[in-house]
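Taken from TrEMBL, the feature signal peptide applies to 1-31. The domain 'PA' feature in TrEMBL is assigned to 94-172. The transmembrane segment annotation in TrEMBL covers 195-214, 255-272, 278-297, 317-341, 347-367, 374-397, 434-453, 465-488, 494-512.
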Amino acid sequence: MSFPPGIRRRFVVSFPLLLLVTLSFAVVATADGASQDDGPELPACNNPFKLVKVKIWVDGVEGEDLSGITASFGASLPEEANKSSKLPTVFSNPLNGCSNSSSKLTGSVALSIRGDCDFVTKAKVAQSGGASALLVINDNEELYKMVCSENDTSLNISIPVVMIPKSAGDAINKSMEEKHVEFLLYAPTRPIVDFSVIFLWAMAVGTIVTASLWQEFDTSENSDERYNELSKESPNAGTGDDDDKEILDISVKGAIVFVITASTFLVLLYFFMSAWFVWLLIVLFCIGGVQGMHTCIMTPIARKCRNCPQKTLNLPLFGEVSIVSFVVALCCLIFAVVWAVNRRESYSWVGQDILGICLMITVLQLARLPNIKVATVLLCCAFVYDIFWVFLSPLIFHQSVMIVVARGDNSGGESIPMLLRVPRAFDPWGGYDMIGFGDILFPGLLVAFAFRYDKAYKKHLASGYFLWLIIGYGVGLLFTYLGLYLMNGHGQPALLYLVPCTLGVTVILGLVRGELKELWNYSPESSSATTNLTGEA
């Protein structure tokens with residue numbers, strides 16, 4: 001459905017974009033690892049930490065698998081489920097597992113809560129009581145790496161020791177009320193590279209390439225022509241005069257204010273995140289996604305069938321719109337509603353990615369960087385923003401604010417949709433590999449600028465900037481996922497890698513070619529005027 005240019009620009013780009021991009025700077029990966037408080041490596045206490053799958057049966061009925069992490073001491077677990085055995089589960093008494101249990105632990109998996117004594121003491125007590133394994137329930141959702149105390153120079157722990165998150169302990173507690181519960185523990189090997197990473201990389205790079213080349217379809221011009229012809233309110237219909245009104249040029253001041261505002265939003269979300277607010281974000285995402293999908297579908301239709309938009313109908317609030325545009329908008333709306341209703345299903349990532357990609361393509365048409373000066377301010381501010389809220393915020397808030405917000409803690413089980421995600425195909429723990437919209441949009445603005453600059457000066461691929469920035473973005477994304485792997489899945493500030501690989505490449509190429517001053521002070525309007533005067537356009 002075609003909306004007036006001013007309304008569309010303000011609605012799609014301004015408020016929703018600020019909220020959506022604020023929450024999507026960081027690459028978010030399910031942190032199957034834990035806090036990095038490893039402690040010293042001591043003799044007989046240097047086992048590698050491994051992720052554990054805990055299969056559970058309640059009265060013989062298999063339930064949902066749980067996840068945990070092994071300690072740096074104790075026996076190793078088999079990598080395959082068929083090499084392990086089902087064992088009954090018993091809560092230690094006392095529950096902290098710090099002294100001999102009055103409950104019979106022989107041949108069972110002993111459960112205890114964290115606290116009151118060190119992990120080694122809990123393991124020794126469980127082992128002396130005849131337990132076959134010990135599961136320690138953490139007091140929060142982060143999995144803590146259990147290490148030996150400084151006084152333990154030699155150990156004789158022959159049972160596996162595993163920590164599980166608080167929510168898993170709560171679920172087990174409910175299941176064990178007058179029911180027989182059995183566990184099976186094993187530690188499957190996680191693949192180094194999953195196919196989902198390759199697919200997500202291709203989607204991110206493809207979105208930026210598509211958004212940059214989309215200008216060749218003259219999206220805004222065609223859209224404005226149709227609107228002007230239908231509304232008959234502009235005497236310059238078809239001249240493309242409104243095209244400039246559609247573009248949101250980012251200024252230096254605007255870039256700084258945006259990052260400051262984004263930080264404010266992020267802190268507010270950290271303290272006041274709730275299910276209703278996530279629902280608000282879902283609604284905004286659907287509205288932006290519908291508008292983006294409508295634009296992406298109508299552009300090729302209008303290009304191939306220029307007479308299609310001429311058949312119109314009159315609608316309340318929207319006035320006169322083309323039948324084709326209305327039908328496409330209705331289909332896009334149904335698509336978004338179906339996704340929202342089924343957003344928790346295993347296949348919902350497909351709809352989320354389609355809506356997200358269409359939204360980002362549209363945003364990259366409506367917002368632009370005028371030159372490298374503004375790009376440097378925006379990307380450097382975003383660079384610092386990303387690093388601070390992912391890595392440095394725990395020094396103040398005791399948690400990574402960016403990861404907590406992106407993960408949707410305290411959101412009632414709802415997840416924030418402002419990211420692309422792909423399910424891990426070969427990971428025994430499942431989960432998703434993800435990338436936030438901000439990690440595509442901010443470098444994408446620079447890449448789109450490079451394409452416009454190359455086009456204005458008729459540069460070939462090798463002598464221009466567009467190709468090299470695409471390569472730089474792809475390499476930066478590879479570095480991001482390498483960082484994820486090296487940090488055991490801990491969420492990474494993707495702009496830490498993407499900004500040097502895009503903005504850095506631009507600056508270096510500009511210096512080498514002697515064009516940095518021109519890139520720094522480039523003006524689309526002056527370039528267009530110069531091109532027209534020389535007759536090259």
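Placed from the backbone N, Cα and C atoms, the Cβ positions cover glycine too.
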Tell me, what is the mean pLDDT of the domain 'PA' (94-172)?
84
Establish whether the number of Cβ pairs under 8 Å between the transmembrane segment (347-367) and the transmembrane segment (434-453) reaches at least three, counting only pairs separated by 6 or more residues.
yes
So what's near the transmembrane segment (494-512) in sequence-distant terms, Cβ-Cβ under 8 Å and 6+ beyond its ends?
25-27, 372, 375-376, 379-380, 382-383, 385-387, 435-436, 438-439, 442-443, 446-447, 450, 465, 468-469, 472-473, 475-477, 479-480, 483, 518-520
Considering only Cβ pairs under 8 Å, which range in 317-341, 374-397, 465-488 makes the most contacts with the transmembrane segment (195-214)?
465-488
Are there residues at least six beyond either end of the transmembrane segment (465-488) with Cβ under 8 Å to its Cβ atoms? List them, or say none.
27, 29, 32-33, 192, 197, 201, 204-205, 208-209, 212, 433, 435, 439, 443, 446-447, 450-451, 453-454, 459, 494, 496-502, 504-506, 509
